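To start, the structure under review is shown below, and the notes come after it.
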Amino acid sequence: MLCRVGQIHRCAASLSQAIRQVGASRQKHTLPDLTYDYGALEPHISAEIMQLHHSKHHATYVNNLNVTEEKYQEALAKGDVTAQVALQPALKFNGGGHINHTIFWTNLSPNGGGEPQGELMETIKRDFGSFQKMKEKMSAATVAVQGSGWGWLGYSKDTGSLCIAACGNQDPLQGTTGLIPLLGIDVWEHAYYLQYKNVRPDYVKAIWNVINWENVSERLQTAKK
């Protein structure tokens, strides 16, 4: 019996060590580079906003996510379920912030705007009646977000259709609704206040001029696989 107890203890110790090693070898999240200059989206989004938004706000989510994941790995290694549960809100907030912004930067382009083409346009017409109706519906849902959050165009694998949704704070679309994100509009005040003050509708109207429809189309193709 004592031998078996000793084996159990050794197995538990080995498991804890393995968890710690996984945590130690985990590659940290990093701030993605933009494919355009901070001033490239002017006059629709100012260089000052882009610099603060990317290099300060998004960077903070990345840093906090790495710290939180380290703490979570320590809690796993210790079998501390209470600590794991307590860390969930920080994982959701900072992880969501990193996920959402990583999508957001690619959804924008200095060569964007206009209307989508090809299959994306046909799918929009099928599900909303017209591009203009989709744009109006998404704009209204985005402007109506109470406090901070995001407006999204997503894809439902269950129905094979496009859907519009709004998420509060940094809640990630797929993790909270199951929809695959195609296009997101950030309506946290740090995304527009320096330029548009409290007139969120003007910001939402302007951002359509820099939407990267090629990126949204690529996301739709990937979502359908």
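Just so you know, the numbers here start at 1 and follow the chain as drawn.
The backbone N, Cα and C atoms fix where each Cβ goes, and this holds for glycine too.
Per TrEMBL, Mn(2+) binding site is recorded for H53, H101, D186, H190. Sequence-distant contacts of H53 (Mn(2+) binding site), defined by Cβ-Cβ distance under 8 angstroms and a gap of at least six in the same chain, are H101, D186, H190, A191.
Under DSSP, residues within the domain 'Manganese/iron superoxide dismutase N-terminal' (28-109) fall into helix, strand and coil as 59 helix, 1 strand, 22 coil. Look at TrEMBL and you will find 28-109 tagged as domain 'Manganese/iron superoxide dismutase N-terminal'.
Annotation comment: TrEMBL describes 116-219 as domain 'Manganese/iron superoxide dismutase C-terminal'.
Within 8 Å of the centroid of the Cβ atoms of H53, H101, D186, H190, where the record puts Mn(2+), the same chain has further Cβ atoms from H54, H57, H58, F104, W188, A191. Working note on the binding-site residues H101, H190: by count of other C-beta atoms within 10 Å of each C-beta, H101 ranks first.
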